[in-house]
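Look at TrEMBL and you will find 238-268, 876-913 tagged as region 'Disordered'. Residues or ranges marked as compositional bias 'Acidic residues' in TrEMBL: 240-251, 884-894. Per TrEMBL, compositional bias 'Basic and acidic residues' is recorded for 252-268. The repeat 'WD' annotation in TrEMBL covers 363-395, 405-446, 491-524. Residues or ranges marked as domain 'Small-subunit processome Utp12' by TrEMBL: 764-868.
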Amino acid sequence: ILFSSQFSNLLGTVYRRGNLNFTCDGNSVISPVGNRVTVFDLKNNKSDTLPLATRYNVKCVGLSPDGRLAIIVDEGGDALLVSLVCRSVLHHFHFKGSVHSVSFSPDGRKFVVTKGNIAQMYHAPGKKREFNAFVLDKTYFGPYDETTCIDWTDDSRCFVVGSKDMSTWVFGAERWDNLIYYALGGHKDAIVACFFESNSLDLYSLSQDGVLCMWQCDTPPEGLRLKPPAGWKADLLQREEEEEEEEDQEGDRETTIRGKATPAEEEKTGKVKYSRLAKYFFNKEGDFNNLTAAAFHKKSHLLVTGFASGIFHLHELPEFNLIHSLSLTWGGPEPGTPASPVCTGLGQLLVWEWQSESYVLKQQGHFNSMVALAYSPDGQYIVTGGDDGKVKVWNTLSGFCFVTFTEHSSGVTGVTFTATGYVVVTSSMDGTVRAFDLHRYRNFRTFTSPRPTQFSCVAVDASGEIVSAGAQDSFEIFVWSMQTGRLLDVLSGHEGPISGLCFNPMKSILASASWDKTVRLWDMFDSWRTKETLALTSDALAVTFRPDGAELAVATLNSQITFWDPENAVQMGSIEGRHDLKTGRKELDKITAKHAAKGKAFTALCYSADGHSILAGGMSKFVCIYHVREQILMKRFEISCNLSLDAMEEFLNRRKMTEFGNLALIDQDAGQEDGVAIPLPGVRKGDMSSRHFKPEIRVTSLRFSPTGRCWAATTTEGLLIYSLDTRVLFDPFELDTSVTPGRVREALRQQDFTRAILMALRLNESKLVQEALEAVPRGEIEVVTSSLPELYVEKVLEFLASSFEVSRHLEFYLLWTHKLLMLHGQKLKSRAGTLLPVIQFLQKSIQRHLDDLSKLCSWNHYNMQYALAVSKQRGTKRSLDPLGSEEEAEASEDDSLHLLGGGGRDSEEEMLA
């Protein structure tokens, strides 16, 4: 599992920066999250992160008109051509500069990128194989400052570009004879967005100060004339260009086109002319700040605008009628789509259905970094706590957060589930430990100490009755009762801050790690005395028990992991992880990463579900997995390759080192967005306190899923989930030359089902195992299960657990599960420790179906009760008024059926059936 684990999903963060895109069918939203891209499926209520990553944070995403291809560009100018169908990277390209936006033409044949003060048009990659997917066609010059936005006409003949120099430029995709390129003014601030009207060259331009200009064109799109060739010289030049293209492998001949800001009047005669039709102001009352984002829906003529104060407006053009207004809390929006406002400061993503005025999707990640996580006992949910004081519960199947608790007033330091899986216990720096109920979504217990203190960690025993938390300032451990909420005991004895707590899963033994270089074991039944004290060589940073409770692992400040026998207080081994951590060098570090790693250590530990391996992470971009018995490094996962984070590289970039110092000390990005580049007296625009900083990469918490199929890590990037990839894994079991797929199918034809299933399990091919199991008749399942050897029962249960997630044969597989557990339950109970991950995986799969079916059955039961009540009421009415109108009765019947979603008697019969 550990060797074949691959990145599966990214939770905890839904948006960082960049533009949003809706897919062609409107069912999904594509959102950039750091250096990754997440697809939110609105129809099936799922989120999925693409298995790819850029070198820096994603800055813009361009989606092809058919929705099959996407161009993802990061802050460094590197681009990935991605197939959204097969979810893989097709091509890498570097634009040699920072790209602000990218947009495909509606016909899908071209795409334009804005880079610096120019716009470049490329041939879009086609469906045939090409040596170079990106072929530069034309480069357009005109604006004096950076270009910011792009929009195409519906026929792909022209595109418009906005710039920070307050001008708007209309360029042609072809050489149009009657279209000259000049600047459209009328604004006093940078252009935020510009849009063409549907099937027209008329356009709208919006500036940052909240001004909308409407431009009318005197020529329809059909009136554009291609520039005729200049005679035989042009033909000769064209032939030479074609010959050079055949000789050149890359085959790209760039054409440079330059526009004039103010062309002469004689040049304008007989050409396409623009005139300003109207000018509207958004901030007449002065209630709004800068306009930060806008989008236009051409078919419905709807314009949505977002302001830095969190206010959104929906207008109908060209009349500029206000239809709707929406206000968020705080933090301005980023460029999105008409129905998807997003917020950088909050890390928030909203999908708003404006006609019904309701949220389709509302997701928000942690404002600051996540510091703790925990899996529920069945592996269905993950709870996370962050420095923002919020506690969020995520569904691992959908990837969405379904509840957020905001009762803590300071950063959360620890989270855990109770054994039932319906209670979450958290500790915080605000001096409280809180218990949350996942049935009613409320804080039903609040545990406090006699004196105000800051809690650094929390633990709950296996029964869920005892809650303990470690103090950071008083060096004490507080123990409460979950039932009564009363403080039971205060355990003192440590001489340093408590860094970690962990209960033995099999006994009421509490292990506490401290900075005083000791780990103490406390007996909860006799807590007046310390059971054992384990002396360490350095400060203890993390402690955890093996799932069977027979071993204890401790991470110390000198980069060591020591293993102890908790019964005899004997050290069983140690791992030296200093050279495996490979800490990166920060930009402002004065010493190299090799020497700086001496002060770095593992801060998070977690055993695998079977207890054979241990995961370790800390102030590094790597998560190390060690074999406990052999005490060797098995694999090292690189959790991020994002160079926008600090401490990612082992060596500093020498090009940033000058005789005056490191260029990283200069805040170069200040003033690019809303900051102040040069603070002058009397300047009120922008936030004087805003600073651009690079977060340091680190792993704050690690947890292995109880199902044994995946593990999760809270990092600077977010909540990363790594799961077992079974698609590329061939792992046969007791295979010999006589076991082949042909022999399996031959045994099925002979109705020797037991032998066929055993051979299929030995090949370990899921399709073959499915074919063998589904060939067994329903009446013979009990006979076949009784004849299976005990070793193969575990294999069948594991296959059934994975099949429940994808198969439609629910009753058939439930029958298999029931017979296996009834016939082999006593033998399986003797190996409960090793079989626990498989049973929990099975329980998770069945529980998901139970939740879905119970809701469906409850809804059907309600509908049938309603229909019966309506028919009973109609019969009572007829008996009281036999001479009444039958038409009224039929009308009332139809009304009641329309409420149920039907349209008459046929619908009623179908519903009752």
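Don't overthink the numbers, they just go from 1 along the chain as shown.
Any Cβ shown, glycine's included, is placed from N, Cα and C.
According to DSSP, the repeat 'WD' (405-446) comprises 0 helix, 24 strand, 18 coil. The average pLDDT for the repeat 'WD' (405-446) in the predicted structure is 93. The residues of the repeat 'WD' (491-524), classed with DSSP into helix (H, G, I), strand (E, B) and coil, number 1 helix, 19 strand, 14 coil. The DSSP breakdown of the domain 'Small-subunit processome Utp12' (764-868) into helical (H, G, I), extended (E, B) and coil residues amounts to 89 helix, 0 strand, 16 coil. For the repeat 'WD' (363-395), DSSP puts the residue distribution at 0 helix, 19 strand, 14 coil.
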